[in-house]
């Protein structure tokens, strides 16, 4: 038994020692997001929360607000919270669960692994948004039928596009925090600090110092992202989205990537 | 073949690995022996590119690990059997490795079979595995790509005696078919059972190196006899030193073959005669005693 299991494949693949293709690493990383207990329930809870949000909207929203936009927002909110957590865990798990010992020896190019993880997180993010769209459509159809109001389709393709961009920026913030800290609790706490505490501080600053109010959209990533969620940004709002993303996402992500490249995997 | 050349790792003030060079040859099981904290794991992490060396290189069949296109097909690595996501099943862990390497899916079942993990055990989450089961799963992961080289850190740790024997047979078979095995251990007895060659490391430096036979040879004999006086006289007459332990066993610097001849000539019946393997063990114990932990305890 021992001998056969160990020898008969050798000739088969010894001939084709091709490098591990990126698409394969992406597929494996996608699988790793679902095949743990925590990963599975995170994904499941996104769908469950989306359905609950739809039901809650049907039950509690005033009849005149039963529009596609209301449903989309209700479903999108839990997703923007959960997607970054999925992105964080995808990265930090390699360190906190120490699976990196295997991952980085099977693919000894960390940049490639991180790229694959980022791509698979984005795939999950886009898939989640599409699910939200479908659930929102069903909710809108069912909700208006129950309430007896007219169907209102008030989410344009452009709006849906910017909502996807906004959600992906949230998600990539998770990726960035994962790279930067490589520790699940630290990354999670920091994530809630920068999404909940920081905007509050910016808000207080803006109301006390009128000068800061003008600067705020250029430094407050949450505020800039809200331009994406509240319908397509106009004029310099795009520049503000780009600036805050550079400041709060791209720069720290590059720093985090540097840490990942240098760190010792134990 | 694994070639380690002048490998060092320095952390701020401490030197974990100090200019280590050796080779692990094809067809041989090389035991990397040393007390805890001697630098075995750091050396192994440097071999597979998880830790950057301060000096030196490690190559596998002449290439750096990072230059291997699909490392899993050439080198099976197990650095820590417990370094697995507790919430993942054994089968999933093998499937991840199988898919990354791009080998046929049936390899997963073949490997489970090889390491004697049942289908039910494979469906359980690794968090519920015993250390011995994790070691088996780790070995399965290392072997799934059917590599020619194995790098295993403390593979026998947590295995029961039957498990250690199984591991020895598996690695023996692997080496006999031309494979290279490098395994570490902090237990001399384990390495003695499994390895052909031994590299002994202490405080980051190699302190002894060679085939097990060479390292264990030439350190004298342990002899048992009912007639202590006659045996010792015969040995002394031939110019050998002797000493008697409390249980009546005679230790001498003469090799077993010499002792046998002398005993026959002197007409002394022996109850047992074997090589004194104390040489390597003494050096190993010396090394272990040198660590701070033992010194403060003493």
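Including glycine, each Cβ sits where the backbone N, Cα and C put it.
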Query raised in the report: Given A:12-33, A:188-209, which one carries TrEMBL's transmembrane segment label?
Result: A:188-209
**Report entry** the transmembrane segment (A:238-260) touching the transmembrane segment (A:40-62) per 3+ Cβ pairs under 8 Å rule
**Finding:** no
Query - Any contact, the transmembrane segment (A:74-93) to the transmembrane segment (A:238-260), with at least 3 Cβ pairs under 8 A - result: no
Requested in this report: Count the CB pairs under 8 A between the transmembrane segment (A:160-181) and each of A:114-140, A:188-209, A:238-260, then give me the winner.
Outcome: A:238-260
